[in-house]
Amino acid sequence: MVLSSEASSAADHSAAAPIPTSSWPQLLGRLTEGKHLEPGQAGWAMEQIMSGNARPAQVAAFAVAMKMKVPTAGEVGELADVMLAYARPMPADLIRDDTVDIVGTGGDGVNTVNLSTMASIVVAAAGVPVVKHGNRAASSLAGGADTLEALGVRIDLGPDQVARSLNEIGIGFCFAPQFHPSYRQASVVRREIGVPTVFNLLGPLTNPARPRAGLIGCAFADLAEIMAGVFATRGSSVLVVHGDDGLDELTTTTTSTIWRVQAGTVDKLTFDPGDFGFARAELSQLLGGDPQANAAEARAVLGGAAGPVRDAVVLNAAGAIVAHAGLSSRAEWLPAWQDGLQRAAVAIDSGAAEQLLARWVRFSQHV
């Protein structure tokens, strides 16, 4: 299964320094020259954006220039830390310390069905607590929030309600605009410029529930290791994944590259789902539609329908269960995958996933 392996340490990424005095001309000048920012400068820029002191042109220039330069893990970590500091806080006493998130950067341009959304429900039904962070579609026809809404889940719950959902149902959804109101200006700019930027990396890194484990999809192969580096500095157990067909998911059309984050280190692996008996799918078999179409697909898969979409959902759900198992230093790679795949399949075939969705819908509508 593992064709190649490379390791790096979170210690390679220096901690962010106090935010220095800076200016947009100084900062943008460095970026357009291809130079890394000084420690604290990325944090300064994000502080300007989140506080509403940055103009739209400055936000757009920064977002694009940072991605073109290729950010460091330290720079992205500063952006995420400032964004989290502005987020609506979750009730810490009600949030378990072993939650998992399943989310991607978006931006792969493929418009697949909402695999991570379906996988989240399966993982929760398998007994792993899930706090999913997500938003409406930015470039595809339906984002995770759009599909959940079409399924009947109320997506605009606040911190206390999400915490209750997690504790009573086993899953909660943090709708990004509800928890990151100060990010509104950057969201508008991101939609207007219409191309992936450094901001695509921030969604998976800024879940306000701060889950310690996750299956994190990255559509950008050159940036996935940077995301993994940020998670490593946090001591997370995460699989950052990039389908070698370009998907920000574990794919079944070919191999995937995985950056496994555990105990502060990052290992790069090549993962072949065929090693676990998965048939190769065609990308066209994983394509989605509008929210109603994706919701119908989700109901079918959670109801037990076989086929390429189910395979991809089971694979991604298993990946999240593997990441969750990584919170224990005793977790072993192959046994964890075997366990995760079995638990994901049973969660669907037993009806547990379908039943959990029904309970979640009822809870969210009456909380």
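Every residue gets a Cβ built from N, Cα and C, even glycine.
When Swiss-Prot is compared with the stretches 1-22, 265-286, 287-308, the one noted as region 'Disordered' is 1-22. Of all the binding-site residues listed (Thr112, Ser116, Asn135), Ser116 sits in the most crowded Cβ setting, with the most other Cβ atoms within 10 Å.
Annotated pair Asp248 (Mg(2+) 2 binding site) and Gly104 (anthranilate 1 binding site), C-alpha to C-alpha distance, rounded: 6 Å.
Annotation note: Gly104 (anthranilate 1 binding site) sits in a strand segment as assigned by DSSP. Considering only the binding-site residues Gly104, Asn135, Arg190, Glu249, Thr112 (5-phospho-alpha-D-ribose 1-diphosphate binding site) has Glu249 as its nearest partner by CA-CA distance. Across the structure, Glu249 (Mg(2+) 1 binding site) and Gly104 (anthranilate 1 binding site) are spaced 7 Å apart at their Cα atoms. Mapped onto three states, the DSSP output places Ser116 (5-phospho-alpha-D-ribose 1-diphosphate binding site) in helix.
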